[in-house]
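Each remark here refers to the structure printed beneath this line.
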Amino acid sequence: MDSSLANKSPITSDCDAELVVQRPTPSNTRRYTLLLIFCITQFLYTLTNSALFSAIPSLVRKFGFTKSQSVWIISAYQLTFASFLLMSGKISDIYSPKYTFLTGKFILGVISIGLGFVSDGILFLALRALSGIAASLTIPSALALLVGLFPEPRHQAVAIAAFGAWGAIGIVLGLITGAFFVEYVSWSWVFWFVSTVIIPTTLISAVLIPSQNESVVRKSGFTKFRSLDITGISILTVTVILFIFAVTTGSVTGWGSAMTLAPLAISIATTAVFFYWEALQPIECAAVPSSTWFIPNFSVLFGTALLPYFWWANIFTTYVSLWQDVYQWSAMSSAVHMLPIGITAFVFSFANRVKGLSSMSAKWPILCGALMMMTALVLFAFADGPDKYWPLVFPGFIIGSAGAMLANISANIAIFRATPPSMAGTVGAIFNCGLQLGSAVGLAAVSSIQASVQNRNGGPSNYEGQSAGFWFMLACISIAALAVLVFYRTNTAQNRVEGKDVCGGSEAHFSDIARGDGFRSEGEVKVESLDATKENTPNCVLPAP
């Protein structure tokens with residue numbers, strides 16, 4: 001660190017800006033071991049959820065759930081996971097991503113053990129909801145740690161791509177794992193298997209994750225608490241809970257029911273309250289600063305985050321239900337037929353390393369991915385029989401899953417490059433919240449469309465319901481692709497090449513720049529805002545071009 005900067009008195013603001021004491025960069029062995037642990041963690045979370053689809057019939061018989069209650073076997077986790085993501089990201093940014101990650105992972109491991117022994121349905125759903133909260137603590141903190149462990153843009157892109165790829169693989173392998181445990185052992189082993197991996201890797205992580213950089217000026221407990229923006233996050237958490245509850249309930253009780261309309265209306269109102277509250281807060285103390293949405297391409301990239309899980313979740317649930325309930329395929333056979341999705345997603349998760357794509361603006365891979373998802377949906381719309389798997393469904397799985405992963409990874413990498421590294425945890429939370437919202441809202445909407453069409457045309461055995469759902473998905477992705485085409489700005493990269501960036505609303509020029517947060521590479525400097533009129537603007541680390 002430059003001695004002139006190191007000796008300079010720190011700027012103080014409402015939230016106490018701080019200087020950073022540099023720590024040595026971890027070895028490659030340590031970094032890639034931690035990357036493997038983070039990927040395994042992501043893999044286990046998605047594996048658990050998808051494995052439960054195979055276990056739902058056994059759980060319904062075990063706990064005596066009705067059809068409407070069985071929805072919450074999946075939704076209880078999904079709702080709390082999405083709702084608490086942003087709070088978890090803020091906790092990771094304000095406190096320590098290391099201890100946030102370890103705490104969430106260890107709690108999830110303990111809860112998973114308990115889930116395998118539960119004999120009461122209400123307690124089972126309550127523990128599923130708690131496990132969603134615990135899991136939400138780990139995703140933003142893991143992404144923040146990845147950004148810090150791999151500050152170099154090229155290596156960082158590979159790390160984030162691998163993190164997303166393992167999640168996609170877990171979705172499909174979860175089907176096989178769940179089917180195996182249900183058919184040959186017990187549904188309880190779905191959770192016990194997860195705990196036997198999570199707890200040991202948590203202990204390994206506690207040793208390998210480097211200590212965070214020490215602050216020269218330490219923030220007081222009150223200042224940290226204020227920076228957490230409990231009020232804003234509470235409002236947003238309630239909003240997301242009510243919204244997801246509305247869309248998941250709408251697919252069961254109907255979109256015109258009070259159970260759907262009341263929480264939906266309240267969530268819309270509280271959304272306005274949240275943005276108004278955030279506009280009143282100092283930039284450095286807001287959960288989601290209003291200026292975040294005006295960072296070039298941030299809003300477009302958040303919208304793109306809605307697409308991948310929207311595609312995967314609906315294809316996954318539609319075909320598992322069709323194959324098992326209508327075609328009478330076994331759980332294991334259905335899982336094996338889903339393998340092309342996971343394999344293709346894994347392969348294309350590293351598409352950003354292809355020469356040409358890595359230097360291309362994210363706009364074009366995202367549009368290409370959307371076009372591939374749309375092409376697959378057209379194929380699915382005409383796959384009205386089990387004999388259509390190889391000519392239509394199989395190529396659709398490959399084309400669509402490749403497109404979903406291409407859009408997912410491109411948007412994920414671009415959104416981190418568009419925002420300050422000090423916001424990595426919050427940005428990771430917002431992006432993953434978008435993924436979950438796309439899944440929850442998409443599942444509710446598509447399942448409602450399928451059910452209404454099927455009721456008018458002879459039930460689930462009539463393929464018109466599934467076809468209508470696919471055409472609806474095609475329309476949604478087309479609108480999103482059009483928004484990317486029109487609103488995504490490709491000239492922002494030029495500003496970084498010229499040595500310009502935005503910090504707290506002001507443009508700064510710099511020569512010595514490095515990416516990273518938490519673990520900083522050599523040559524990094526802490527740069528103050530050059531706009532003298534903004535006395536309360538905190539220090540920020542400017543990203544490399």
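Along the chain as shown, the residues are counted starting at 1.
Cβ coordinates are placed from backbone N, Cα and C, and glycine is handled just like the others.
Annotation source TrEMBL lists transmembrane segment at 32-57, 69-87, 99-119, 125-150, 157-181, 187-209, 258-280, 292-311, 331-352, 364-383, 427-449, 469-488 (among others). Under the heading domain 'Major facilitator superfamily (MFS) profile', TrEMBL lists 34-492.
Here the listed stretches are 99-119, 331-352, 427-449, and the one with the most C-beta pairs under 8 angstroms to the transmembrane segment (292-311) is 427-449. By the Cβ criterion (under 8 Å, sequence separation of 6 or more), the transmembrane segment (427-449) is not in contact with the transmembrane segment (364-383), since fewer than 3 such pairs are found. Confidence in the domain 'Major facilitator superfamily (MFS) profile' (34-492), given as mean pLDDT, stands at 85.
Between the transmembrane segment (69-87) and the transmembrane segment (32-57) there are 3 or more Cβ pairs closer than 8 Å, counting only residues 6 or more apart in sequence, so the two stretches are in contact.
With a cut-off of 8 Å on Cβ pairs spaced 6 or more residues apart, the transmembrane segment (99-119) and the transmembrane segment (258-280) reach fewer than 3 such pairs and are scored as not touching. Counting same-chain residues at least six beyond the ends of the transmembrane segment (331-352), those with a Cβ under 8 angstroms from any Cβ of the stretch are 54, 157-158, 161-162, 164-166, 168-169, 171-173, 175-176, 178-180, 182-183, 312, 315-316, 319-320, 323-324, 358, 365, 389, 394, 397-398, 401-402, 404-406, 409-410, 413.
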